[in-house]
There are 2 protein chains.
Amino acid sequence: MAGDKKHRLAIIGSGNWGSAIARIAGGNVSKFGNLFETEVKMYVHEEEIKGRKLSEIINEEHENVKYLPGVKLPENVVATPSAVEAAEGADLLIFVLPHQFIEATCKELRGHIAKDARAISMIKGVEVKNGNIRIFADVIEEILGCRCAALSGANIANEVAEDKFSETTIGYRPNDLATAELFHKVFDTPQFKVGMVEDVAGVSLCGALKNVVAIAAGFTDGLGWGSNAKAAVMRIGLMEMKRFSEEFFQGVKPETFTETSAGIADLITTCFGGRNRKCAEAFVKTGKSFEVLEKELLNGQKLQGTETAREVHEFLKARGKVEEYPLFRSVFSIAYEGEGVKGLTSKL
Amino acid sequence: MAGDKKHRLAIIGSGNWGSAIARIAGGNVSKFGNLFETEVKMYVHEEEIKGRKLSEIINEEHENVKYLPGVKLPENVVATPSAVEAAEGADLLIFVLPHQFIEATCKELRGHIAKDARAISMIKGVEVKNGNIRIFADVIEEILGCRCAALSGANIANEVAEDKFSETTIGYRPNDLATAELFHKVFDTPQFKVGMVEDVAGVSLCGALKNVVAIAAGFTDGLGWGSNAKAAVMRIGLMEMKRFSEEFFQGVKPETFTETSAGIADLITTCFGGRNRKCAEAFVKTGKSFEVLEKELLNGQKLQGTETAREVHEFLKARGKVEEYPLFRSVFSIAYEGEGVKGLTSKL
């Protein structure tokens, strides 16, 4: 990219979180007009809302009426039903899609992105394939051939959209603070404070593994074990998250887990609110299986925490390391092997 | 102490926490009969309960009916109304008194403790005198001339007394793991897991400074700012606790704050339960001053969080460092200087 050329942003995704982030990014590119092109294209997976196209509603009413109703988007955010059109000419790509669409969307974009493009992944979760766990920033980087950072934090989308105070964390690639600083300008506001850490894997893994810990925290709630036990399980879970990531991923920094919004802060919000905690509490109180609870409470959607617990378990089992992560193990055994929930802390 | 001589325990204090700890320690000394004398003397500040002496009730009914009703104490825990008698012949002293009685009690004990005695402080809070902040383990060490460790953690006394799962942390003096391991034997059970860290000051400061952060967390609850903001304030508070302790106390370890039960876990319990959080929420919702709330909600007792915020503020002011701890500063300004609570995060 030539020194004076302005950066052009594209947002690939427009759900609840994507729309909240589009609101902030749209505002900031206008604020830093010397750095960024004003127009921000946003890829919208097209759907019909009462006979109208969602992309058209967004462009006419500046509101994502389906996924972030009641919140106005800046007028410089322009929706398009084509991911390729959204990315065309952009050198800063923000991926904020449900994880099952990442691979296909990246393949569609291949060959259509700027040579000097850089990406950031806001996708929670990890990809598990052939016994390996991969973070989505690596998936994006591999398919598109461009550097990819990650953003995660204690960020309930509706609260961010309402301008309630929040923090978040950008994880960047080794020696690539420059990219993080650019994305910092895209996202940072007085009410949405962005920290930076040289650790893409750590930031991404926090967002996935916290859900396993939230299942354990929900179990303690269901059992009525009180505050000491819940805090202990959260602490032990955080230590297992950190140790797991340090053991199996290169360049992971311990402080990503213990000091950043992506780590400890997001763990706190997830263990006190959120569906994982809630379903785990219901699992104990009702005696129903997670499969049944997913149908009853989540319209059949898979619960991330139990899914990740299973994936992590298979990963560890293949490497003979199950015993070294007793909390992860207990969550798996209770959710999938019929182990009694009262044994949650017996191996800690 | 000669190699084969058994250790003798004394518990100096018998409130809610002291009684919960006496129950565990009494059980463990019986379990490790080769290491410890079975009898454990417990100093009880004498008072009359329905015409009977509390120490006598404890020795006859094996229950502290006033401070831990409904929980049986082991019969080898023997109450005495004399601190000197309790400590006589003991080489392991457990201090678990309200902080205002520490100095006087230690002075009373001076000259009456074993030459090879070692102590552990379970006292929350810090001593502030002549513009200096001291931890109580140092106060005890100075007055009695014996080494003093510290114990703190996410330990609501009643939950510990009911054998609900908990963790705690022993902070020990440099190169004195041996003392920590001895106290580990006194306290560790499958339901009360004891960690150890070479950091007496860090463990002690966690127990004091967390209350300042809980005030800030309670403000966010009162303001209805949501989970992101509360988690952010807790994270920022934890970082200020760590930085403050590292700056002003020797040998403090960062992981005491970010990885132990005394640090992050106790912060979580305090920011979601407890009187500091509750009063701070009421401060926002009712518009009443903390002075009035202390009268109405705490029978006139001082709230620890606001007290510590004031002490920390005076300490920092004397050193020209107020601006470096913006969250501590905001809590002080809101509680004592009439600053609007909505400005809580404006300087973060």
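Glycine is treated like the rest: Cβ placed from N, Cα and C.
Please treat TrEMBL annotations as automatic predictions, because they have not gone through curation.
TrEMBL names A:G13, A:S14, A:G15, A:N16, A:W17, A:G18, A:A157, A:R275, A:K302, A:Q304 for binding NAD(+). Of A:F101, A:F192, the residue it gives for the same site is A:F101. Mapped onto DSSP helix, strand and coil, the domain 'Glycerol-3-phosphate dehydrogenase NAD-dependent C-terminal' (A:199-342) counts 117 helix, 0 strand, 27 coil. Least crowded of the binding-site residues (A:N276, A:Q304), judged by neighbouring Cβ atoms within 10 Å of its own Cβ: A:Q304. Summarising the environment of A:G13 (NAD(+) binding site), the number of other Cβ atoms within 10 Å of its Cβ, over all protein chains shown, is 25. The average pLDDT the prediction assigns to the domain 'Glycerol-3-phosphate dehydrogenase NAD-dependent N-terminal' (A:9-176) is 97. If you draw a 10 Å sphere around the CB of A:F101 (NAD(+) binding site), it holds 16 other CB atoms from the protein chains shown. Note: the substrate site is recorded as A:K124, A:R275, A:N276; in the same chain, A:N211, A:A214, A:T270, A:G274, A:L303, A:Q304, A:G305 also have Cβ atoms within 8 Å of that site's Cβ centroid.
Taking every pair among A:G13, A:S14, A:G15, A:N16, A:W17, A:G18, A:F101, A:A157, A:R275, A:K302, A:Q304, the residues listed as contacting NAD(+), the largest Cα to Cα separation comes to 22 Å.
Cα separation, A:Q304 (NAD(+) binding site) to A:N276 (substrate binding site), rounded: 7 Å.
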